[in-house]
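For reference, the structure is listed below as C-alpha coordinates.
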(Lines of atoms letter the chains of each structure in order from A and count residues from 1; the text may use other names and numbers.)
(Lines give C-alpha, C1' and ligand atoms only; values in the text may rest on other atoms or scores of the structure.)
Protein backbone atom coordinates (compact mmCIF):
# COMPACT_ATOMS: atom_id res chain seq x y z
CA UNK A 1 0.00 0.00 0.00
CA UNK A 2 2.81 2.42 0.87
CA UNK A 3 4.51 1.68 -2.47
CA UNK A 4 1.25 2.36 -4.32
CA UNK A 5 0.77 5.71 -2.56
CA UNK A 6 4.39 6.71 -3.22
CA UNK A 7 3.93 6.04 -6.95
CA UNK A 8 0.81 8.22 -6.95
CA UNK A 9 2.41 11.00 -4.91
CA UNK A 10 3.01 13.31 -7.88
CA UNK A 11 -0.70 13.21 -8.70
CA UNK A 12 -1.55 14.10 -5.10
CA UNK A 13 0.91 17.01 -5.31
CA UNK A 14 -0.65 18.26 -8.54
CA UNK A 15 -4.17 17.87 -7.13
CA UNK A 16 -3.17 19.78 -4.01
CA UNK A 17 -1.75 22.71 -5.99
CA UNK A 18 -4.74 22.76 -8.35
CA UNK A 19 -7.17 22.74 -5.44
CA UNK A 20 -5.39 25.61 -3.67
CA UNK A 21 -5.21 27.70 -6.84
CA UNK A 22 -8.92 27.27 -7.58
CA UNK A 23 -9.72 28.12 -3.98
CA UNK A 24 -7.71 31.37 -4.14
CA UNK A 25 -9.41 32.23 -7.41
CA UNK A 26 -12.80 31.78 -5.75
CA UNK A 27 -11.80 33.83 -2.69
CA UNK A 28 -10.75 36.78 -4.84
CA UNK A 29 -13.99 36.71 -6.80
CA UNK A 30 -16.14 36.48 -3.66
CA UNK A 31 -14.39 39.41 -1.95
CA UNK A 32 -14.60 41.55 -5.11
CA UNK A 33 -18.32 40.81 -5.51
CA UNK A 34 -19.30 41.23 -1.85
CA UNK A 35 -16.90 43.81 -0.42
CA UNK A 36 -16.44 46.24 -3.32
CA UNK A 37 -13.45 47.57 -5.24
CA UNK A 38 -11.77 49.34 -2.31
CA UNK A 39 -11.81 46.33 0.00
CA UNK A 40 -10.75 44.10 -2.90
CA UNK A 41 -7.77 46.39 -3.55
CA UNK A 42 -6.79 46.02 0.12
CA UNK A 43 -7.13 42.25 -0.22
CA UNK A 44 -4.79 42.26 -3.25
CA UNK A 45 -2.14 44.30 -1.43
CA UNK A 46 -2.37 42.18 1.74
CA UNK A 47 -2.15 38.99 -0.30
CA UNK A 48 0.95 40.30 -2.09
CA UNK A 49 2.50 41.05 1.31
CA UNK A 50 1.57 37.55 2.54
CA UNK A 51 3.27 35.94 -0.44
CA UNK A 52 6.44 37.97 0.15
CA UNK A 53 6.35 36.97 3.83
CA UNK A 54 6.08 33.30 2.85
CA UNK A 55 8.56 33.21 -0.03
CA UNK A 56 11.57 34.68 1.78
CA UNK A 57 11.89 31.84 4.34
CA UNK A 58 10.60 29.48 1.69
CA UNK A 59 13.63 30.25 -0.47
CA UNK A 60 16.22 30.41 2.30
CA UNK A 61 15.05 27.46 4.45
CA UNK A 62 12.31 25.32 2.88
CA UNK A 63 13.58 24.98 -0.70
CA UNK A 64 17.10 23.80 0.29
CA UNK A 65 15.39 21.38 2.66
CA UNK A 66 13.56 19.75 -0.28
CA UNK A 67 16.65 19.80 -2.51
CA UNK A 68 18.86 18.07 0.02
CA UNK A 69 16.38 16.12 2.14
CA UNK A 70 14.71 14.19 -0.68
CA UNK A 71 16.19 10.72 -1.05
CA UNK A 72 18.08 10.68 2.27
CA UNK A 73 17.40 8.00 4.87
CA UNK A 74 14.61 8.71 7.33
CA UNK A 75 16.78 9.09 10.45
CA UNK A 76 19.07 11.63 8.78
CA UNK A 77 16.21 13.54 7.18
CA UNK A 78 14.35 13.85 10.50
CA UNK A 79 17.30 15.53 12.22
CA UNK A 80 17.99 17.71 9.18
CA UNK A 81 14.34 18.82 9.00
CA UNK A 82 14.32 19.60 12.72
CA UNK A 83 17.35 21.88 12.36
CA UNK A 84 15.68 23.70 9.46
CA UNK A 85 12.53 24.15 11.53
CA UNK A 86 14.51 25.75 14.35
CA UNK A 87 15.85 28.36 11.91
CA UNK A 88 12.36 28.99 10.57
CA UNK A 89 11.02 29.79 14.03
CA UNK A 90 13.61 32.55 14.45
CA UNK A 91 12.23 34.11 11.29
CA UNK A 92 8.75 34.39 12.83
CA UNK A 93 9.75 37.18 15.23
CA UNK A 94 11.48 39.37 12.67
CA UNK A 95 8.85 38.74 10.02
CA UNK A 96 6.07 39.73 12.40
CA UNK A 97 7.80 42.97 13.38
CA UNK A 98 8.29 43.94 9.72
CA UNK A 99 4.68 43.08 8.84
CA UNK A 100 3.24 45.06 11.75
CA UNK A 101 5.27 48.15 10.85
CA UNK A 102 5.28 48.02 7.06
CA UNK A 103 1.72 47.15 6.03
CA UNK A 104 0.01 50.31 7.39
CA UNK A 105 2.70 52.44 5.73
CA UNK A 106 2.19 50.72 2.39
CA UNK A 107 -1.60 50.91 2.41
CA UNK A 108 -1.61 54.57 3.49
CA UNK A 109 -5.25 54.07 4.44
CA UNK A 110 -6.77 52.70 7.59
CA UNK A 111 -7.42 48.99 7.35
CA UNK A 112 -10.04 47.68 9.76
CA UNK A 113 -8.25 46.36 12.83
CA UNK A 114 -10.08 43.04 12.65
CA UNK A 115 -8.74 42.44 9.14
CA UNK A 116 -5.22 43.58 10.00
CA UNK A 117 -4.96 41.38 13.10
CA UNK A 118 -6.29 38.36 11.23
CA UNK A 119 -3.76 39.02 8.46
CA UNK A 120 -0.83 38.97 10.91
CA UNK A 121 -2.03 35.68 12.41
CA UNK A 122 -2.51 34.20 8.95
CA UNK A 123 1.07 35.12 7.98
CA UNK A 124 2.54 33.21 10.92
CA UNK A 125 0.24 30.18 10.79
CA UNK A 126 0.48 29.74 7.02
CA UNK A 127 4.28 29.83 7.19
CA UNK A 128 4.26 26.95 9.67
CA UNK A 129 1.75 25.11 7.50
CA UNK A 130 3.93 25.56 4.39
CA UNK A 131 6.93 24.15 6.25
CA UNK A 132 5.01 21.05 7.32
CA UNK A 133 3.65 20.61 3.81
CA UNK A 134 7.21 20.76 2.43
CA UNK A 135 8.31 18.01 4.81
CA UNK A 136 5.51 15.79 3.55
CA UNK A 137 6.52 16.70 -0.01
CA UNK A 138 10.15 15.73 0.61
CA UNK A 139 8.98 12.39 2.03
CA UNK A 140 6.55 11.82 -0.86
CA UNK A 141 3.53 11.87 1.48
CA UNK A 142 1.38 14.42 -0.34
CA UNK A 143 -1.83 12.48 0.26
CA UNK A 144 -1.74 13.63 3.90
CA UNK A 145 -1.09 17.22 2.82
CA UNK A 146 -3.99 17.04 0.38
CA UNK A 147 -6.33 15.83 3.13
CA UNK A 148 -5.31 18.73 5.38
CA UNK A 149 -5.75 21.31 2.61
CA UNK A 150 -9.21 19.99 1.70
CA UNK A 151 -10.25 20.38 5.35
CA UNK A 152 -8.82 23.92 5.48
CA UNK A 153 -10.66 24.95 2.32
CA UNK A 154 -14.00 23.66 3.61
CA UNK A 155 -13.48 25.48 6.94
CA UNK A 156 -12.50 28.80 5.33
CA UNK A 157 -15.29 28.64 2.74
CA UNK A 158 -17.88 28.08 5.47
CA UNK A 159 -16.48 30.98 7.53
CA UNK A 160 -16.56 33.35 4.54
CA UNK A 161 -20.17 32.41 3.80
CA UNK A 162 -21.15 33.07 7.41
CA UNK A 163 -19.24 36.37 7.46
CA UNK A 164 -20.95 37.52 4.29
CA UNK A 165 -24.41 36.59 5.56
CA UNK A 166 -24.09 38.31 8.95
CA UNK A 167 -23.03 41.70 7.62
CA UNK A 168 -20.67 41.82 4.63
CA UNK A 169 -17.68 40.63 6.67
CA UNK A 170 -16.33 38.22 4.06
CA UNK A 171 -12.91 39.89 3.95
CA UNK A 172 -12.35 39.77 7.73
CA UNK A 173 -13.77 36.25 7.90
CA UNK A 174 -11.27 35.10 5.29
CA UNK A 175 -8.17 36.21 7.20
CA UNK A 176 -9.37 34.95 10.59
CA UNK A 177 -10.56 31.58 9.31
CA UNK A 178 -7.37 31.18 7.28
CA UNK A 179 -5.35 31.87 10.44
CA UNK A 180 -7.26 29.34 12.56
CA UNK A 181 -7.39 26.67 9.85
CA UNK A 182 -3.67 27.00 9.04
CA UNK A 183 -2.81 26.69 12.73
CA UNK A 184 -4.92 23.55 13.16
CA UNK A 185 -3.64 22.13 9.86
CA UNK A 186 -0.01 22.55 10.92
CA UNK A 187 -0.76 20.68 14.18
CA UNK A 188 -2.37 17.89 12.17
CA UNK A 189 0.65 17.60 9.88
CA UNK A 190 3.00 17.67 12.88
CA UNK A 191 1.28 14.57 14.29
CA UNK A 192 1.77 12.80 10.96
CA UNK A 193 5.44 13.76 10.78
CA UNK A 194 6.46 13.06 14.41
CA UNK A 195 9.21 15.68 14.20
CA UNK A 196 11.99 15.29 16.83
CA UNK A 197 13.50 18.10 18.87
CA UNK A 198 16.92 18.93 17.35
CA UNK A 199 18.41 19.31 20.87
CA UNK A 200 17.51 15.69 21.61
CA UNK A 201 19.06 14.35 18.40
CA UNK A 202 22.60 12.94 18.25
CA UNK A 203 25.09 14.92 16.19
CA UNK A 204 25.77 13.25 12.87
CA UNK A 205 28.41 14.22 10.33
CA UNK A 206 26.06 13.67 7.38
CA UNK A 207 23.43 15.90 8.99
CA UNK A 208 26.00 18.60 9.67
CA UNK A 209 27.15 18.54 6.05
CA UNK A 210 23.55 18.73 4.83
CA UNK A 211 22.87 21.62 7.19
CA UNK A 212 25.94 23.51 5.99
CA UNK A 213 24.96 23.02 2.35
CA UNK A 214 21.40 24.11 3.14
CA UNK A 215 22.64 27.31 4.78
CA UNK A 216 24.88 28.07 1.81
CA UNK A 217 22.14 27.42 -0.73
CA UNK A 218 19.58 29.22 1.39
CA UNK A 219 21.65 32.38 1.64
CA UNK A 220 21.97 32.58 -2.12
CA UNK A 221 18.31 31.74 -2.69
CA UNK A 222 17.23 34.39 -0.19
CA UNK A 223 18.92 37.08 -2.28
CA UNK A 224 17.20 35.72 -5.36
CA UNK A 225 13.85 35.59 -3.55
CA UNK A 226 14.12 39.23 -2.50
CA UNK A 227 14.92 40.17 -6.08
CA UNK A 228 12.02 38.02 -7.31
CA UNK A 229 9.67 39.84 -4.95
CA UNK A 230 10.88 43.11 -6.44
CA UNK A 231 10.20 41.72 -9.92
CA UNK A 232 6.74 40.27 -9.39
CA UNK A 233 5.20 41.30 -6.03
CA UNK A 234 5.47 45.08 -5.86
CA UNK A 235 3.09 45.94 -8.72
CA UNK A 236 -0.04 46.37 -6.55
CA UNK A 237 1.92 48.49 -4.08
CA UNK A 238 3.35 50.69 -6.85
CA UNK A 239 -0.08 51.07 -8.45
CA UNK A 240 -1.55 52.03 -5.07
CA UNK A 241 1.04 54.82 -4.90
CA UNK A 242 0.57 56.24 -8.39
CA UNK A 243 -2.96 55.23 -9.44
CA UNK A 244 -6.50 54.96 -8.12
CA UNK A 245 -7.99 52.24 -5.95
CA UNK A 246 -10.04 51.08 -8.95
CA UNK A 247 -6.84 50.61 -10.99
CA UNK A 248 -5.39 48.44 -8.24
CA UNK A 249 -8.65 46.47 -8.10
CA UNK A 250 -8.73 45.96 -11.88
CA UNK A 251 -5.10 44.83 -11.89
CA UNK A 252 -5.99 42.52 -9.01
CA UNK A 253 -8.90 41.08 -10.98
CA UNK A 254 -6.62 40.12 -13.87
CA UNK A 255 -4.05 38.83 -11.38
CA UNK A 256 -6.74 36.74 -9.67
CA UNK A 257 -7.86 35.11 -12.91
CA UNK A 258 -4.33 34.07 -13.82
CA UNK A 259 -3.79 32.77 -10.29
CA UNK A 260 -4.35 29.12 -11.28
CA UNK A 261 -1.82 29.49 -14.09
CA UNK A 262 0.74 31.23 -11.87
CA UNK A 263 0.38 28.51 -9.28
CA UNK A 264 1.33 26.05 -11.99
CA UNK A 265 4.90 27.05 -11.13
CA UNK A 266 4.22 25.91 -7.57
CA UNK A 267 2.61 22.70 -8.80
CA UNK A 268 5.47 21.89 -11.13
CA UNK A 269 7.96 22.69 -8.38
CA UNK A 270 6.11 20.41 -5.96
CA UNK A 271 6.27 17.58 -8.47
CA UNK A 272 9.63 18.18 -10.11
CA UNK A 273 11.92 19.41 -7.34
CA UNK A 274 12.23 16.22 -5.24
CA UNK A 275 12.11 13.99 -8.32
CA UNK A 276 14.78 15.89 -10.22
CA UNK A 277 16.98 15.73 -7.14
CA UNK A 278 16.54 11.96 -6.91
CA UNK A 279 17.08 11.49 -10.66
CA UNK A 280 20.36 13.38 -10.49
CA UNK A 281 21.53 11.27 -7.56
CA UNK A 282 20.76 8.16 -9.63
CA UNK A 283 22.47 9.53 -12.76
CA UNK A 284 19.24 9.57 -14.81
CA UNK A 285 20.05 12.60 -16.97
CA UNK A 286 17.73 11.59 -19.84
CA UNK A 287 14.70 11.53 -17.53
CA UNK A 288 15.81 14.85 -16.01
CA UNK A 289 15.71 16.71 -19.34
CA UNK A 290 12.66 14.82 -20.63
CA UNK A 291 10.67 16.01 -17.60
CA UNK A 292 11.72 19.59 -18.34
CA UNK A 293 10.60 19.35 -21.97
CA UNK A 294 7.24 17.86 -21.01
CA UNK A 295 6.72 20.69 -18.52
CA UNK A 296 7.42 23.35 -21.15
CA UNK A 297 4.95 21.74 -23.57
CA UNK A 298 2.19 21.54 -20.96
CA UNK A 299 2.68 25.17 -19.91
CA UNK A 300 2.51 26.38 -23.51
CA UNK A 301 -0.67 24.43 -24.22
CA UNK A 302 -2.46 25.78 -21.17
CA UNK A 303 -1.36 29.34 -21.99
CA UNK A 304 -2.58 29.18 -25.60
CA UNK A 305 -5.96 27.85 -24.44
CA UNK A 306 -6.25 30.73 -21.95
CA UNK A 307 -5.47 33.35 -24.60
CA UNK A 308 -8.03 31.90 -27.03
CA UNK A 309 -10.69 31.94 -24.33
CA UNK A 310 -9.86 35.56 -23.48
CA UNK A 311 -10.24 36.65 -27.10
CA UNK A 312 -13.64 34.97 -27.29
CA UNK A 313 -15.18 35.76 -23.88
CA UNK A 314 -12.80 37.89 -21.80
CA UNK A 315 -15.07 40.90 -21.30
CA UNK A 316 -18.11 38.78 -20.50
CA UNK A 317 -16.10 36.79 -17.95
CA UNK A 318 -14.92 39.88 -16.08
CA UNK A 319 -18.43 41.31 -15.83
CA UNK A 320 -19.89 37.97 -14.77
CA UNK A 321 -17.31 37.31 -12.08
CA UNK A 322 -16.41 40.76 -10.76
CA UNK A 323 -19.12 43.18 -11.86
CA UNK A 324 -19.62 45.92 -14.44
CA UNK A 325 -16.94 48.25 -13.00
CA UNK A 326 -14.31 45.65 -13.93
CA UNK A 327 -15.30 45.37 -17.62
CA UNK A 328 -12.38 47.52 -18.82
CA UNK A 329 -9.93 45.20 -17.03
CA UNK A 330 -10.49 42.52 -19.69
CA UNK A 331 -7.79 44.14 -21.82
CA UNK A 332 -5.27 43.27 -19.10
CA UNK A 333 -5.89 39.54 -19.26
CA UNK A 334 -3.85 38.63 -22.38
CA UNK A 335 -0.58 40.23 -21.16
CA UNK A 336 -1.31 38.73 -17.74
CA UNK A 337 -1.62 35.24 -19.26
CA UNK A 338 1.59 35.74 -21.23
CA UNK A 339 3.32 36.69 -18.00
CA UNK A 340 1.96 33.59 -16.25
CA UNK A 341 3.45 31.41 -19.00
CA UNK A 342 6.84 33.11 -18.70
CA UNK A 343 6.76 33.03 -14.90
CA UNK A 344 6.09 29.30 -14.78
CA UNK A 345 8.78 28.60 -17.38
CA UNK A 346 11.38 30.66 -15.53
CA UNK A 347 10.52 28.95 -12.24
CA UNK A 348 11.08 25.51 -13.77
CA UNK A 349 14.37 26.59 -15.33
CA UNK A 350 15.53 28.04 -12.02
CA UNK A 351 14.78 24.90 -10.00
CA UNK A 352 16.47 22.72 -12.65
CA UNK A 353 19.64 24.82 -12.43
CA UNK A 354 19.52 24.83 -8.63
CA UNK A 355 19.13 21.06 -8.47
CA UNK A 356 21.65 20.25 -11.22
CA UNK A 357 24.56 22.59 -10.47
CA UNK A 358 26.43 23.03 -7.21
CA UNK A 359 26.53 26.78 -7.89
CA UNK A 360 22.98 26.81 -9.26
CA UNK A 361 21.49 28.66 -6.30
CA UNK A 362 24.15 31.36 -6.54
CA UNK A 363 23.63 31.71 -10.30
CA UNK A 364 19.85 32.03 -10.12
CA UNK A 365 20.17 34.49 -7.24
CA UNK A 366 22.58 36.71 -9.19
CA UNK A 367 20.38 36.53 -12.26
CA UNK A 368 17.25 37.41 -10.29
CA UNK A 369 19.08 40.35 -8.69
CA UNK A 370 19.95 41.68 -12.16
CA UNK A 371 16.32 41.29 -13.21
CA UNK A 372 15.20 42.94 -9.97
CA UNK A 373 17.30 46.00 -10.76
CA UNK A 374 15.82 46.15 -14.26
CA UNK A 375 12.33 45.73 -12.79
CA UNK A 376 12.80 48.60 -10.35
CA UNK A 377 14.02 50.82 -13.18
CA UNK A 378 10.92 50.00 -15.25
CA UNK A 379 8.22 49.69 -12.58
CA UNK A 380 7.78 53.25 -11.34
CA UNK A 381 7.64 54.99 -14.77
CA UNK A 382 5.52 52.15 -16.19
CA UNK A 383 2.94 52.43 -13.38
CA UNK A 384 3.01 56.23 -13.36
CA UNK A 385 2.49 56.71 -17.10
CA UNK A 386 0.63 53.57 -18.20
CA UNK A 387 -1.07 52.25 -15.06
CA UNK A 388 -1.92 48.56 -14.85
CA UNK A 389 -0.97 47.86 -18.48
CA UNK A 390 2.45 49.39 -17.88
CA UNK A 391 2.96 47.21 -14.81
CA UNK A 392 2.19 44.06 -16.82
CA UNK A 393 4.42 45.06 -19.74
CA UNK A 394 7.31 45.68 -17.35
CA UNK A 395 6.76 42.18 -15.95
CA UNK A 396 6.89 40.68 -19.45
CA UNK A 397 10.17 42.41 -20.27
CA UNK A 398 11.88 41.33 -17.05
CA UNK A 399 10.67 37.72 -17.17
CA UNK A 400 11.72 37.39 -20.83
CA UNK A 401 15.20 38.58 -19.89
CA UNK A 402 15.40 36.01 -17.08
CA UNK A 403 14.35 33.14 -19.37
CA UNK A 404 16.85 34.05 -22.09
CA UNK A 405 19.78 34.21 -19.68
CA UNK A 406 18.82 31.12 -17.65
CA UNK A 407 18.27 29.09 -20.85
CA UNK A 408 21.85 29.76 -21.87
CA UNK A 409 23.03 28.35 -18.55
CA UNK A 410 20.68 25.36 -18.49
CA UNK A 411 20.97 24.12 -22.08
CA UNK A 412 24.43 25.28 -23.10
CA UNK A 413 25.94 22.26 -21.35
CA UNK A 414 24.09 19.11 -20.36
CA UNK A 415 26.67 17.27 -18.31
CA UNK A 416 26.77 13.53 -18.00
CA UNK A 417 25.41 12.41 -14.62
CA UNK A 418 26.45 8.82 -14.74
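Using N, Cα and C of the backbone, Cβ positions are placed for all residues, glycine too.
Given the structure is predicted, the values throughout are model-derived calculations rather than measurements.
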Range among 43-70, 211-238 that TrEMBL annotates as transmembrane segment: 43-70
Annotated transmembrane segment segment (source TrEMBL; candidates 113-131, 246-264): 113-131
In contact by Cβ distance (the transmembrane segment (143-166), the transmembrane segment (12-31); 3 or more pairs under 8 Å): yes
Interface check, the transmembrane segment (113-131) with the transmembrane segment (296-323), three or more C-beta pairs under 8 A: no
